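*Asks:* Once you've had a glance at the structure underneath, I'll fire off some questions.
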Amino acid sequence: MKYQFDKDFLWGVATASYQIEGAYDQDGRIPSIWDTFSKTPGNTYMGHNGDEACDHYNKFKEDIALLKKLGIKAYRFSISWPRIFKDGKYKLNEKGLKFYKDLVEELKKNDIKPIATLYHWDLPQILQDEGGWSNPEIIKYFVHYASVMFNALGDDVEQWITFNETSVFLYLGYLYGIHAPGIKNLDLTLKAIHNVHLAHGETVKLFKNSNYKNQIGITLNLSPNYPYSVEEKDIIAAKTNDAFWNRMFLDPILKGSYPEEILNNPFGNTLKEIIKDDDMEIISHPIDFLGINYYSRSVIKHDENETFKYKSIPQDGEKTSMGWEVYPDGLRVLLNYIKENYGNIPLYITENGAAYEDKLENGKIHDIDRINYLKRHFISAKKAIDEGVNLKGYYVWSFMDNYEWAEGYVKRFGLTYIDYETKQRILKDSAKWYSQVIKNNFIEE
Ligand code: NCW
């Protein structure tokens, strides 16, 4: 069977600043919450941090040459806010800004579309010291940061993404305390969620009112929720999890409201108290596209003993080395769910990929598992397109192995292998396979 993609389908790869750049104190970069969090004992695997990472900051030309060699059409990267301001707020750091100008220029010279994320989790520590996302003051600093980046690169970046995976950095960082800034507080989480949404909406408004020609959107980490059984209790439980992880972040932006399940919960009162009159209108300022990061599905079962009366049931069978279930059809289901509930907004898979235990053998990495993972997910996406979903591009996570946050350097997601001692880049078999997919623009099964 041959799965043919549209000639304009945008095949790309994705990365994030703190995960690849290294050069943590070069050219005036100030510390981020991830520098602090990773250097606090016990927070990350073996105390790993992003001080050096892949040294992409000094090797970006070499990296772009690899993108070119592979025929990659779009490169999604993120901008490090701590490189842009000396004080995290208004004092511009020209050297930091220049890095992104040079990066974008090099991409364009090589005919690769730049896709930029403004926030992929590396908040300047100095802003966290004032409460971070839970303090509404942060909104104006973020909008100012965005305006500086738009002034510098507004029309050169093909797609602007305000935030990466709001649910993940907000729940893992403010509620579960397993990501930076390591807080465990429901009240602060709700405040932070609302402030992030406002910062997003104000930024979209600014971009639109300034008449830049390209697009702006947001990237959410979404998973379809499957009830454990046909029993009504399990069906309701799956819907509740959907409200927490998906709709809590989709609805404000695409519908201008928070889910009823959340507002009607006792803790929803905190949210109701925070929301001001015009907030929801600001938050839902129309975006041009929705970015979706898809990794797996959730299977949910009712359970009286749990705080929210349900739990996620781990599945037997195939998993990646993150322990995430391999479930390609979930992508097709998720894309249809978006189409049915949020209209036919243009969609991009802004991340999908897998970590496996890659082995370097005679200078090569035969990562057949990753090829099989990607192949099945590409086919699932194509099936969704045939069912009427408005999917326009697909960016594989990740272009290169990188610092996998609390998991450190052991989890390798890359199409490119990084030797962390020498910083040598080695293309894995999956990179060569992906290059062929892009060239053919079809997949055969
Ligand atoms: S951790 C995570 N990731 C990986 C990361 O490298 C990247 O920066 C992120 O955009 C790969 O892609 C994203 N996602 C979190 C997945 C959900 C975890 C849910 C845990 C529940 C307690």
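Every residue gets a Cβ built from N, Cα and C, even glycine.
Those TrEMBL annotations? Automatic predictions, nothing curated.
Given the structure is predicted, the values throughout are model-derived calculations rather than measurements.
In case it's useful when we look at the structure, here is the feature table from TrEMBL:
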- E165: active site, proton donor (ACT_SITE)
- E351: active site, nucleophile (ACT_SITE)
- Q19, H120, N164, Y295, W397, E404, W405: substrate binding site (BINDING)
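Are these features on the surface or tucked inside, and what touches them?
*Replies:* Neighbours of E165 (active site, proton donor), defined as other CB atoms within 10 A of its CB across all chains, total 24.
In sequence order, A14, T219, N293, Y294, Y295, Y395, V396, W397, S398 are the residues of the chain that are 6 or more apart from E351 (active site, nucleophile) and have a CB within less than 8 Å of its CB.
Counting every protein chain shown, the number of other Cβ atoms lying within 10 Å of the Cβ of W405 (substrate binding site) is 25. In three-state terms derived from DSSP, W405 (substrate binding site) belongs to a helical segment.
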*Asks:* Please give the greatest C-alpha separation between any two of the substrate-binding residues Q19, H120, N164, Y295, W397, E404, W405, in angstrom, as a whole number.
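*Replies:* With Q19, H120, N164, Y295, W397, E404, W405 as the binding residues for substrate, the largest Cα distance is 18 Å.
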*Asks:* For the C-alpha pair, I'd like the distance in angstrom between W405 (substrate binding site) and E165 (active site, proton donor), rounded off.
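*Replies:* So the Cα of E165 (active site, proton donor) lies 14 Å away from that of W405 (substrate binding site).
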*Asks:* Three-state secondary structure of E165 (active site, proton donor) from DSSP?
*Replies:* coil
